[in-house]
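Residues or ranges marked as signal peptide in TrEMBL: 1-18. Annotation comment: TrEMBL describes 21-126, 134-249 as domain 'Gnk2-homologous'. What TrEMBL lists as transmembrane segment is 285-308. Positions annotated as ATP binding site by TrEMBL: Lys375.
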Amino acid sequence: MLGGYLLLVAVLLPQAAPQAMQWQSTTCASGAYAANITYQTNLDLLAAVLPANVSASPAGFATATVGVVLDLISALTLCRGDTNSSRYARRCWASKCRDTHAGRPNNKDVAIYQDDCVLCFSDQRFLDFVGVESSAGTYSSDMENLAAPAAWFNAAALALLNATVDQAVAARGDPAKKYFATGEGSFDATYYPKIYGLALCVPEMTAAQCRGCLAGFIGAAPWFLFQNGKSGGQALGVWWNLRYSVNPFYMGGAMVKLSAPPAPAPAAVPSIATAETPTGKKGRVAGISTGVACFAVLMLILAVPAFIRYKRRKLSRSYPGAFNKTVRGKCTIYDSLTLQEATENFSEKHKLGEGGGGTVYKGNLPDGQEIAVKKLIDGAGAGHGLD
């Protein structure tokens, strides 16, 4: 049985061109340290060492652990494969002092997300859980409302995300930057000429772990992204990054390109046949039967939209859009009992979808935080699930 789950929360801010996102820092509730003691000294050492290690890594990823017992700190920095990892890693660590400490000084657990780079440090040994506990994260949506027909656009976005994940897992690009890929899909000039996608996993994962993690979140996207009616969204964690948008947001050309999907067929307009004038008793009976049939068809046509609206309202109540808001972020490792209670022991009524060696469930923590948790199947390449 697994010892815990790593839960991380971030927010995605809208942007219209490839540029750095605004900083979003989040802190965890695992306590604070007194100023000017060993913990701060160890943190300063990490701030000096990790950016240099990231710069030396072709994959833009580095981890480190310093200190012992109460003063131990584990940390990682992950930069996107299309960025200058040295520059963004240093800026990521600089923001730790500027933003996080200004609001909540001396926290022991901090996760900072920027679109180009992610930083996390903690007094918990979360680095021990890479690949096994990598299934927790957050969804967030772009602010721009979707203008295209939703079903058509969402199908194109899903196809692009899956193709981009395939490219990243296969490492068909630069072998030194495995598990990173960018994608571009043609769409429709009337609405959006292009849809852009990105997939990223830390290089310490296996290919099966990377695919299993990203596939699980793609499988749950209809509940947490597409139902919001937005033109883009992101699933983000310390170990991985999955994003799509109608606005370009990565540097350089796309590593995989898809052609435009076929346009949806126009809605059929029901035609009403003109009946011949009935004569005699048989004609009257035929006329009555035709009238009843037409009335039944009309009622059915009127009932279908009402039923669809009812289902949408029900779905909206079942899966509230909590992930559209800025949520208090954490990089805490939760034990399995907490996750079982949050999901009512992984009840079927909390099931969101399946894929990538496991099942995704929704749940609520005691403080009201809504989470998505993937329960991995024993023996799957992505790790072991709960017994």
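For all residues, glycine too, the Cβ spot is worked out from N, Cα and C.
Across the domain 'Gnk2-homologous' (21-126), mean pLDDT in this model comes to 73. Of all Cβ atoms in the protein chains displayed, 21 besides its own lie within 10 Å of the Cβ of the residue listed as 'ATP binding site'.
Under DSSP, the residues of the domain 'Gnk2-homologous' (134-249) split into helix, strand and coil as follows: 45 helix, 37 strand, 34 coil.
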